[in-house]
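Here TrEMBL flags 3-23 as intramembrane segment. Residues or ranges marked as transmembrane segment by TrEMBL: 68-88, 119-143. According to TrEMBL, the S-adenosyl-L-methionine binding site annotation covers A75, S76, G77, E155, D156. As annotated by TrEMBL, topological domain 'Cytoplasmic' applies to 154-165.
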Amino acid sequence: MAATVAAVTATVVPFPFYYLLWNYPQAWVNLCGKGVDPSHRMAQISHALKLVQVISLLSVARFSWPPWYCIILFASGQYLNFMVYHLLGEAGTYYGIRFGKNIPWVREFPFGHIKDPQYVGSILSLLGCSSIVPFPYILLWMLGYMFMMSVESNEDPSTRAKQLA
C-alpha cells in the first residue's frame, strides 16, 4: 500500500510544479533571483522530480523482457525527446520563452510534423513501459502530460516574465 501511495504521489507531483511555472513565470524568475537562470533551475528540479518518478514506478514494476512493440514505442519516444532537447536546448525545453528569453522558432523534425513532440515522445516512452509497469500508473502519468499539453496550448505572450536586470 505504501508503495502504491508513493508511486501515485511521485507520478503527479511534477505537474502542479509545471503548471505554476507556466502560469506564474514572473514569480519563478523573481524566486530564482538575479544571476540564476530560471530555465536551468527548472531543469535541475525537473530532473530530480523525474528521478523520484522513475524510482517510485520501479517499486511497482514487474520485471520481464518487454514485447518487441514496447521496445519500439520506448525507443521512438526517446528519439523524439532527444530531438526536442537537441533542437531547443535547455532554455527552449524548460520554459525559457515564458521566463523572458528569446527562443528562436524551430521548424526541423519533429517540429512542424508532430504537435507537442516532447509530450508525444514522453507518452510513447510510457506506453513502451506498459509491459512492466501497471497500466493505471502509466495512464495517470499520461494524463498529466495531456493536462500540460492543454495548459501550454493557450499561451498568452503578455504574461511572459521580464528577466531580472
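Glycine residues also receive a Cβ, built from the backbone N, Cα and C atoms like all the rest.
Please treat TrEMBL annotations as automatic predictions, because they have not gone through curation.
Taking every pair among A75, S76, G77, E155, D156, the residues recorded as binding S-adenosyl-L-methionine, the greatest CA to CA distance is 34 Å.
The Cβ neighbour count for G77 (S-adenosyl-L-methionine binding site), using a 10 Å radius over every protein chain in view, is 22. Each residue in the topological domain 'Cytoplasmic' (154-165) has a pLDDT score, and their mean in this model is 84. A Cβ distance under 8 Å defines the sequence-distant neighbours of the topological domain 'Cytoplasmic' (154-165), meaning residues of its chain 6+ beyond its ends; these are 23, 25-26, 28-30, 33-34, 38, 97-101. Sequence-distant contacts of S76 (S-adenosyl-L-methionine binding site), defined by Cβ-Cβ distance under 8 angstroms and a gap of at least six in the same chain, are G121, L124, G128. For the topological domain 'Cytoplasmic' (154-165), the number of residues in each DSSP class (helix H, G, I; strand E, B; coil) is 3 helix, 0 strand, 9 coil. Within 10 Å of the Cβ of A75 (S-adenosyl-L-methionine binding site) there are 13 other Cβ atoms, across all protein chains. Using a 10 Å Cβ-Cβ cutoff, E155 (S-adenosyl-L-methionine binding site) registers 12 neighbours.
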